[in-house]
Amino acid sequence: MSSNTHHWIARRGTALQGSLAIPGDKSVSHRAVMFAALADGVSQIDGFLEGEDTRSTAAIFAKLGVRIETPSASQRIVHGVGVDGLQPPTGALDCGNAGTGMRLLAGLLAAQRFDSVLVGDESLSKRPMRRVTGPLAQMGARIDTQDDGTPPLRVHGGQALHGIDFVSPVASAQVKSAVLLAGLYAQGETSVTEPHPTRDYSERMLSAFGVDIDFSPGSARLRGGQRLRATDIAVPADFSSAAFFIVAASIVPDSEVVLRAVGLNPRRTGLLAALRLMGADISEENHAEHGGEPVADLRVRYAPLRGAQIPEALVPDMIDEFPALFVAATAASGQTVVTGAAELRVKESDRLAAMATGLRTLGVQVDETPDGATIHGGSIGSGVIESHGDHRIAMAFAIAGQLSSGSVRVNDVANVATSFPGFDTLAQGAGFGLEAAESG
């Protein structure tokens, strides 16, 4: 069955085996469509993630006057309109659940000659946006939010933007990317300096599209007025999606899987460092580069894990992988301590609270703190888990079920389709004990 169902029943399956093709990277897919739309000429995108979030972004650019063809589910052909070619939309632009889409579009639309409104689903409508609208306002943009800084975003066009040297108070690739996109339209130079280095997808891809951009870990700089050249992009497999199979193969005895052509952006792979610190057996094979992004096959074998103190320096490089890491920690001997991860409280759900509560429901001892948790390794029992509509929480507890003494029911799993359509089918084929069902 597809992931667009209401609940899963997860229980022990078999050892995980096989060579698995993980869907395309969500962050790269968003940016590939955006930058191809702004380019001069026609770009072909292969490996595009056919998820709800990325479809929302593609649909928005169609409303902005960009012709996008879909020869197959994982392919898009984008007829770029150039940096000045976007057209005024009719009605609001619906980002769905995509925080990446909304924040990057805020930077792009702030520089257009027309007004626009960005809306999202119930989850996205609760997420903080002032971290983006603040620096854009410093550049001369006018964007209104709700009183509490949440969407919808009302973007007033026709503003003359000027470059700024922005020192970001938060380590956020989305904030950085929004400012850089606005900087393409701004007079002068725009730079972003971060408290910790974040993922550099935008910088790498802008360079692939011909933009002269200087970047290094923690900083980026470009000048306004540049044009983008159409180019073909091969989207790597999504590391955050691969993370669930990396953890599952690491904790289910006798497992060995190969995950093909996974994106290994150095600002994305903190989970690999954390798991290796815990004793995981993960090797990289067949290194290559796709669209400026490093990729490799990952071979993961079962290995007994031990608890560890997760270095805070790794946190920005694994912020989306913590739900999976928490499950790995339950299978480890001893305690695993996470600190410096308060950002998890403002994701699609409060992921610290959701994981701590869910694991306690299954009999695991978890001591929650404002910016992290201590997870005590031990056995996983049975229980009913509320995913709070968060795709990563749902998939994390599907893994937990593979070590359950009984079964784990995971409610509200439809949002898995935002990032990993077909997760349950791929998991079942690899050996997961996982049933998908409609809730009564």
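Every residue number used here counts from 1 along the chain in the order it is shown.
Yeah, the Cβs are placed from backbone N, Cα and C, and that goes for glycine too.
When Swiss-Prot records K26, S27, R31, S172, Q174, D320 as binding 3-phosphoshikimate, the matching candidate from K63, K347 it lists for that site is K347.
Counted over all residue pairs in K26, G99, R127, Q174, R351, R392, the record's binders of phosphoenolpyruvate, the longest Cα to Cα distance measures 19 angstrom. When the alpha carbons of R392 (phosphoenolpyruvate binding site) and D320 (3-phosphoshikimate binding site) are compared, the span between them is 8 angstrom.
When the alpha carbons of R351 (phosphoenolpyruvate binding site) and D320 (3-phosphoshikimate binding site) are compared, the span between them is 10 angstrom. Working note on the binding-site residues S27, S172, Q174: by count of other C-beta atoms within 10 Å of each C-beta, S27 ranks first.
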